[in-house]
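Notes to accompany the following structure.
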Amino acid sequence: MVFSRSGRSIFPLLPPYGAHDPNGGPGRAVPLHPDGITPYLGLRARLSQVWLNRWTILLLLVLARVLIAATGMQSDMDSAKREAQSACTSVETMGSAMASMPHYLSRGVNELTASGVEAAVNGLISMLLLTITGVEALIIFFIKVMYQTYLCLFTMVVRGSTQAALGVIQDTTEFLNKTVQTVGEDIGKAVETFESGLNKFLSGINKVASAFGGEVPTLNISKNIDELKDIHLPGSINDTIDKINSSIPTFDEVDKFVTDVLKFPFEEVKSLINGSLGNYTFDRSALPVPAKEQLTFCDENNGINTFFRKVAETIVAARKIFLAVLIIAATLVCVPVAWQEIRRWRTMKERSQIVRKDAHDPMDVVYIVSRPHTAGAGIKAASRFSNSRRQILVRWAIAYATSPAALFVLCLALAGLFACLCQYLLLKAIERTVPELTSEVGEFAEKVVTSLQNTSAKWANDTNGVIDGMSNDINKNVLGWVNTSTTAVNDTLNAFVDKTTGVLNDTFGGTILYSPLQDVFNCLIGLKVASVQKGLTWVHDHAHVDFPHVPNDILSKGADSSINNSTSASDSFLANPGDKTSDKITEVVMRVLNKIKEGVRTETIISACVLGIWFINFLFGLIRAMILFWGRDKNRGEGGGAPINNNPDVNGFTEVPLTAIPNTQAASLPAPRYEVALKTPPVVGHFHEDEKMGYAGQRALKVDGTSDLRGSSYIEYGIEKR
């Protein structure tokens, strides 16, 4: 292949090193000693610039970026601290207002409590009056039903018995009266006949007796007969029965007595209730009003200052760590770079022999010598292929991807990503301290809730004391009379039973009716009265009221629920609508951290884009190499280059001379001037010597001199520029 086109030259055309040395042997360039004065940098000069290697500079740039980021982060944290202090003051003010809410709410709650108690008492009074009236009427009705039923019952029995007795006596009297009168009349008639005969007999005797101066009395029993005719049973028999009949009690006295006795306690209770609670008004001044609260947790608690002090210490520590680590790394990287420079120097010395042998592609030799690592990597990768064309393409692709410009872009991208990684580590170190701030803020909320709970509990206890006093007053002044009235009713019922029993005893005592009437009374009235007394005893035992107490957390339950039981962070009473964090203080810190995070993210994206540019460049070279990799060279008839006319050696290699051939007359001539090369015919030489890096392949170098053109730095294979 031909490696140049007609009319082009390499500018400037430098003579081989040593061609100006008059002491050099004829036909060869004599190099200077490396430790002497040379136009290029020797080993010591190269080692003196080890600290200027790219890795040290990149690490220092990364260090500078990290320090700038740490400084900016510290400035942002200072701003966040000021905002957090302001937010804490706002929270403190709001917390004080929240803690003082019992002071403002208690007035309304007290009014509500008083109104509720008044309504309850008024309802209780109405209920009691209605209940007392109903119980009074019910008891009186019940007692009247009982004794009137009993009155009707034994009136029926007694009157029926007396009526039957009176009927029997009346029939007996009529019979006796009629019989006695008839007997009297019959006896009267017989006596009259006998008396008439006797009187006639006696009249004769009287005539005789008159002669003797005497008179026989006549018999006259008509008067007695008349008395016999008029005989009848005495009316006292009917009078006794009428007395029994008329003596049946009507219980009017019992009715009046029981009614008066029963009504008295009920009416007294009504009067007392109306007198004591008729116009009941709850004493609102007795209910407590809590004092205002002033919270000072921002001044008393150093949680925020502690958090930001820890953040500042973390940033300073990270700055020191990065400073120490990166400086040490930048210093230590000089060691392998120095070792690399030594190896590079030795490699350059070894590979400089290729130049002296005048047997290889000069551009390839220059590339191998100037870029030993990338060239070595390309040669190593190309060794996997047996085809020389593919070996060349592999080396070209690697050289394309590792050109100075490409490596600059790659190193810039990696340095940017490494700087982003350092900033990310610093950011994560700060984020790990955020839960401490959240915990501190949670304690702020707990302090507010605790203050609310204490104030609410104290107010509730005082209010409950007032309510208990009112309940005791009602139980004593109102329901105490209920207890008294139930006792009085029980006593009245006992008096009713005793009075009724006394009436029955006075009326039927000693008679055969007393025992049955007593049994009937116990059955009809006694058992019912006992049941009523049992019910009144139950009322007496349970006649009291207990107004419900005010809960201790009535004024703090909402705030406590927003802190402990809320599933949404925005439900916290410390949060503003739309806050994504649990409170305003951590929202300030998170906003700063998110800002820093966005900056790191932006830098990462930029570095990734720079890395993508290098990757795209690598893909361009790889795609072109792959296209040529699977292609073939064109023949001359297809537009390819002219055939190479040279004779290979016995090993099949064609020696390719370098650009400049040592001047055999140089020993007797002065050193040449550095000028544009003159147009000279191509010089072809055939040399072959073994060297470490192998052969550059079959080459033919042609240099056409042109005084006004600069030679291209592209490697040319044939007449096609790659």
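From the backbone N, Cα and C atoms, a Cβ is placed for every residue, glycine too.
As given in Swiss-Prot:
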type	residues	note
CARBOHYD	N177	N-linked glycosylation site
CARBOHYD	N220	N-linked glycosylation site
CARBOHYD	N238	N-linked glycosylation site
CARBOHYD	N245	N-linked glycosylation site
CARBOHYD	N274	N-linked glycosylation site
CARBOHYD	N279	N-linked glycosylation site
CARBOHYD	N454	N-linked glycosylation site
CARBOHYD	N461	N-linked glycosylation site
CARBOHYD	N483	N-linked glycosylation site
CARBOHYD	N490	N-linked glycosylation site
CARBOHYD	N505	N-linked glycosylation site
CARBOHYD	N565	N-linked glycosylation site
TOPO_DOM	1-54	topological domain 'Extracellular'
TOPO_DOM	76-122	topological domain 'Cytoplasmic'
TOPO_DOM	144-320	topological domain 'Extracellular'
TOPO_DOM	342-406	topological domain 'Cytoplasmic'
TOPO_DOM	428-609	topological domain 'Extracellular'
TOPO_DOM	631-722	topological domain 'Cytoplasmic'
TRANSMEM	55-75	transmembrane segment
TRANSMEM	123-143	transmembrane segment
TRANSMEM	321-341	transmembrane segment
TRANSMEM	407-427	transmembrane segment
TRANSMEM	610-630	transmembrane segment
Tell me which of the glycosylation sites N454, N461, N490, N505 ends up closest to N274 (N-linked glycosylation site) in space, Cα to Cα.
N490
Sort out for me which stretch, of 123-143, 321-341, 407-427, has the most Cβ pairs below 8 angstroms to the transmembrane segment (610-630).
407-427
What's the most sparsely packed of the glycosylation sites N454, N461, counting other C-beta atoms within 10 A?
N461
Closest of N279, N454, N490, N505 to N461 (N-linked glycosylation site), Cα positions, glycosylation sites only:
N454
Which of N274, N279, N490, N505, all glycosylation sites, has a Cβ with the fewest other Cβ atoms inside 10 Å:
N279
Could you give me three numbers for the topological domain 'Cytoplasmic' (76-122), the DSSP helix, strand and coil residue counts?
46 helix, 0 strand, 1 coil
Going by DSSP, is N279 (N-linked glycosylation site) part of a helix, a strand, or coil?
coil
With H, G and I counted as helix, E and B as strand and the rest as coil, say where DSSP puts N461 (N-linked glycosylation site).
helix
Looking at the glycosylation sites N279, N454, N505, whose Cα is closest in space to that of N490 (N-linked glycosylation site)?
N505
Reported as an integer number of Å, what is the Cα distance between N279 (N-linked glycosylation site) and N454 (N-linked glycosylation site)?
36
To the nearest whole angstrom, state the Cα distance for the pair N505 (N-linked glycosylation site) and N454 (N-linked glycosylation site).
72
